[in-house]
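Asker: The structure under discussion is supplied below as structure tokens; questions concerning it will follow.
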Amino acid sequence: MDAVASLLGNASGIPPPCELGLDNETLFCLDQPPPSKEWQPAVQILLYSLIFLLSVLGNTLVITVLIRNKRMRTVTNIFLLSLAISDLMLCLFCMPFNLIPNLLKDFIFGSALCKTTTYLMGTSVSVSTLNLVAISLERYGAICKPLQSRVWQTKSHALKVIAATWCLSFAIMTPYPIYSNLVPFTKTNNQTANMCRFLLPSDVMQQAWHTFLLLILFLIPGIVMMVAYGMISLELYQGIKFDASQKKSAKERKASTGSGRFEDNDGCYLQRSKPTRQLELQQLSGGGGGRVSRIRSSSSAATLMAKKRVIRMLMVIVVLFFLCWMPIFSANAWRAYDTVSAERRLSGTPISFILLLSYTSSCVNPIIYCFMNRRFRLGFMATFPCCPNPGPPGPRAEAGEEEEGRTTRASLSRYSYSHMSASAPPS
């Protein structure tokens, strides 16, 4: 590529190219002037180290809990296990091999690791994204299309989908080990250094490749997740409205029948012939019906709160996906179509923090999908009994967590979810 050759030779006075992320293209600008702020490298190292430790710790705990606890091997958790593995790969094979060359202004790991890290980085990003899409579709099918989804919502089907996801990702990213190579250059102090570069034979191929990645790893997955979680939120919102109408109807019926008798138009009163079993139990227990009513009311309120929490969590998932990945995909597309302008504006500190933002997804995924779920926390306590137990929650919190757990696993049918508050509390 003539344009790249001229940039590497710095013939026009333009700094050598910066690598912008997804493909591990060295991720730094060589021979750049030192940062204007002396504290910037220290802050960069601190933030990278923090994200690295959180990601390794969080995903390792998720993998350990899901593997050692057989009771947690549900369909959704199988996808979460695959997601944790891909996020751990993203952290281990990307962050060190991006941060260290950035600081040293030299890719010191050799040609083999240049090819390997670019390949594993692309694969881990692809697997992570496709896993997020699979989780959203699995939840959508279980909540919004329960009858149709029963056929394929099995562990064996989930394992097949995960295997296909990994194989597809490895196949898609095969250009990286083929076209990633070390490119030597001479610094201003006459020292020789190397850049790990992913360079396709032509500018058109480079543009087509980054456009392809933008579509299959960002735009299309983002749209699918927005639609799936939007439909789930709509389903839950309709359930909330149904609960509210049922509660209102129950209050009206209670007000109209509070005296235990009915009045017709002639002014006569008709006493009920047979009291219900619930009334008999209330009389025998000396007002125990009030406690049953309070439990029912508490469970209904907890169910409502749980549904609202799930809706908020789904919104957070979509927002974080776009927040973490939009900057880096936009930067890669910008560089593919306008290399000079992108490298001038994004070199050095800006691209380093854009990359850091994309790596943040590998540490927030375990928090959103696992540690916010009470069943996973209980599984964690069972796997690591040395950890302190926070103690049993109250009845209202327990009912809400139970409902939220069922919703997060997407195991309820549309009818049962929408009519939860109309049914009696489980015995």
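Glycine too: its Cβ is placed from the backbone N, Cα and C atoms.
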Asker: Can you check whether Swiss-Prot puts R68 on the same side of the membrane as G348?
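Answerer: The record shows them split across the membrane, with topological domain names that differ.
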Asker: Just confirming the record: what cysteine out of C91, C144, C167, C196 does Swiss-Prot connect to C114 via a disulfide?
Answerer: C196
Asker: Looking at the candidate ranges 280-316, 391-427, report the one that Swiss-Prot labels region 'Disordered'.
Answerer: 391-427
Asker: Out of C114, N190, C196, the recorded positions in the record, which is closest to C386 (S-palmitoyl cysteine) when you go by Cα distance?
Answerer: C114
Asker: What is the total of other Cβ atoms whose distance to the Cβ of N190 (N-linked glycosylation site) is within 10 Å?
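Answerer: By my count, 6.
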Asker: Please compare the recorded positions C114, C386 by how many other CB atoms fall within 10 Å of each one's CB, and tell me which has the fewest.
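Answerer: Minimum Cβ neighbour count within 10 Å, taken over the recorded positions C114, C386, occurs at C386.
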Asker: Expressed to the nearest Å, what is the distance separating N190 (N-linked glycosylation site) and C196 (disulfide bond) at their Cα atoms?
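Answerer: About 19 Å separate the Cα atoms of these two residues.
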Asker: Neighbour count, 10 Å Cβ-Cβ cut-off, for C196 (disulfide bond): what number do you get?
Answerer: 26
Asker: Which of the three DSSP-derived classes (helix, strand, coil) applies to C114 (disulfide bond)?
Answerer: helix
